[in-house]
Amino acid sequence: MDNNKIKISSLQLGILIVVTIMGVGILAVPRIVVQDVGSDGWLLILIGGGFSLIATMIIHALGSRFPNKQFFDYTTELIGKPLASIVVIVYTLYFIPICAFIIRIFGEVLKMYLLPRTPIEVIIITFLLALAYLIRQGLEAIVRFYEIMLFLMIIPFLLSLLAGTYKVDYTNLLPVFQSSPLDMMKSSLQLFLSFLGFESALLFIPYVADHKNTKKSMIIAISFVTVIYLFTTMLVISTFGVDETGQLIWPLMSYVKAIEVPGSFIEQLEGIIMTIWVFFAYTTSSTLYFSGSITLSKLTGVKDYRVYVMLILPIIYILALLPGNIAEVYDWDSRVSIYLGATVAFIIPLLLLVVSILRKKGEKTHG
Amino acid sequence: MAKKILMLLLVCLLLLNTGCWDKQDIEERALVLGIAFDKPPEEELARQRENASEPEHFSPRYSITYIHPLASTVVGKGAGEDTFSSMTITTRSPKEAEREMNTRIDLQLFFGHTDLILFGEDVLKNEEYMKEMMDYLHRNQNINWDAKVAVVQGRAKDVFEMKPTGANLLVPYVVGIMENRRVSSKVSHVTLTQMLTELGQRGTVVLPKINLGKDEVKVEGAAIIQNFKFRGYFTGQEARSLMFLKGTLQGGGIVTKYEDTLISYTIVNSKLEKKLKTTEDGLQMIFKLRTEGQLDEGTYNLDLMDDKLIKTMEKSVAEEITKDAMETIKKLQREYKADVIRVGSYIQKFHPKIWKQVEKDWEEVFSSMDIQVQTDARIRRVGVVE
């Protein structure tokens, strides 16, 4: 990609962050939050959102010191070629497997609820081809696609969820502040993983045309996702209670199934939600896939990332099909996200920021 | 040019291939409207065992009945023909019954529109069966979580074989009665979601009870399931009190004595408030019920435009409600030790510290707890005569 030609707006960056974070995870978020801390769970979302906000600010601070340089270029400048290569490898090893697991979970849910007889291999390969098609068009096409999708995703999604609000027991959200702060911290680290996706902003900050608004739109993006997560989690817990929510693999899907629309005019909203959710999965995995092919092209020094789009497709395909069952997928996913996710989204940007401040490289952060 | 033709062919290919894998025509689907779970009766088992193709594998535990509309008769032929088909399968497990069905009919079962799930009382008496059925319903991704659940006194299957007078469609007829909870205080209504959630929390749930008549069903009373086991029935009046105490009552009437005559009170609105007090003797729980409604029947001699009279009538209505509720609470505490009125979850939510102390032996604490009911019944309207 040519750095000078491609420009996106800060709003588009914000949208990219929103649609990347909200993906397959949203179906499982209510389960993750209640698992360890019970009815305190929905408070975790606020803590998790706070964590992500801090991490995003670090990424922004780092990016704004080098407004016209690519992430890996200034990494090399900061810590030298050998170390920078390791950083690039870490990012590649993160983006590609995570993308694969997301696609696998997507395939499993789709097979479960919508296409019971279609082989999962076919679901995954068609999905991957559709992804590759979009990614080859480049960053500008991707963000423009996201801009359209955001409205098509969020509005019907919220409307369908609202249909269930009239008959839930909100006292299920009580009691609060019962678990120890240590437990809360531990679980919010788990939840932090559901917010992953914003780290891809590292790659895209250099393309933003109006630099001074970047920070604002990143903050808005993270807050927006936090509010949506909070809303859905509170609804699901109010409907099912803590115990049942903890038992369901995809509590949000079950919530949608349990919605009783007054007057029985429409029954069974899961068809609608399923359709929208395909886009949730699509936007998330396309950002990760895109980031994966960019990092790989940096690693090998090839200018055009497009070469890699088709090359890593079989790798993602194989990785996606490797886990034997759904429990194994979530197991691998959480292992990769815990060790690598926290590293790429938090530790590496923080270290780089410290180094750049100490070595006085880059411009001073403004704002 | 060649390129354009190729593109056109590719587009056609794409259109033709869309969704081919999971294509299913609606007439290939058996839309199961109702499922009935029963325990197979002994004499039938003996008869079937003789005819079984593999006698050594024959050890059925359930007899499951599915009812589904026959697409051909719904569309084509006129009245007089059976529009529904009900089939009973005797098998070892609910999923096996589903597979067995597929060997007998040319359609595929689909549970997305299931409206009614019935349990015969015998099949609920076994804890293991109950858990197995719950797991089957819980795990099934297609089943309609909005389906109504009920217990049938006798065999659940008989409900599906009955021909109600005046109603053509059986399942909507039964579900329709359950929807009457808005006008009748004796009819309750539990969806699959509610049942699975409550069973998951404590293993205890109260389900509506269906009584079988000759050409009709009657939805009245309730059955209590405790620790995944059927324990007993509540009468219609007790079921009403339970709904009061759970805060789910939507409407209906109460008939009570006032001096020598009977008066009939229709509830339009009811509200429930709970309060916990710690006294020297332990915990005291107070249920405050507030109802608003209309007086529909007095007696011809009484002048109902008298405010004082109405106040005293309100009192006797309230006393009636309190008395019923207290009796039901006593029954819950003494006979079942079952906290179906959610005292425990109230304490857990609003007094978590107290809950931690009593959580371990909650059943005992509940059964010896002091529970009081205070009712405030208001008569807002008296009809159109004085």
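Note that Cβ sites are derived from N, Cα and C of the backbone, with glycine treated the same way.
Bear in mind that TrEMBL entries carry predicted annotations, made automatically and left uncurated.
Among the features that TrEMBL reports, transmembrane segment is placed at A:12-29, A:41-62, A:83-106, A:118-136, A:148-168, A:188-208, A:220-242, A:272-295, A:307-326, A:338-358.
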Open item on the list: Test of understanding: applying the rule of at least three C-beta pairs under 8 Å (pairs 6 or more apart in sequence), is the transmembrane segment (A:307-326) touching the transmembrane segment (A:220-242)?
Closed with: no
Open item on the list: For the transmembrane segment (A:12-29), give me same-chain residues lying six or more residues beyond its boundaries with a C-beta closer than 8 angstroms to one of its C-beta atoms, as numbers and ranges.
Closed with: 45, 56, 102, 105-106, 109, 142-144, 146-147, 149-150, 153, 191, 193-198, 200-201, 204-205, 208, 214, 217-218, 220-222, 224-225, 228-229, 232-233, 249-253, 277, 280-281, 283-285, 287-288, 330
- [ ] Kindly say whether the transmembrane segment (A:41-62) and the transmembrane segment (A:338-358) touch, using the definition of 3 or more Cβ pairs under 8 Å where each pair is 6 or more positions apart.
- [x] yes
TODO: Decide whether the stretches the transmembrane segment (A:272-295) and the transmembrane segment (A:338-358) have at least 3 CB pairs under 8 angstroms, with pairs required to be 6 or more apart in sequence.
DONE: no
- [ ] Would you kindly list the residues that approach the transmembrane segment (A:338-358) from elsewhere in its chain, counting only those six or more residues past its ends and only Cβ-Cβ distances under 8 Å?
- [x] 55, 58-59, 61-62, 65-66, 74-75, 78-79, 87, 90-91, 93-94, 98, 189, 192-193, 196, 198-199, 202
TODO: Please work out which recorded stretch in A:118-136, A:188-208, A:307-326 has the most C-beta pairs separated by under 8 angstroms from the transmembrane segment (A:83-106)?
DONE: A:307-326
- [ ] Using a Cβ cut-off of under 8 Å, list the residues of the same chain at least 6 residues beyond the transmembrane segment (A:307-326) that approach it.
- [x] 96-97, 99-101, 103-105, 107-108, 120-121, 124-125, 128-129, 132, 135-136, 249, 289, 292-293, 296-297, 332
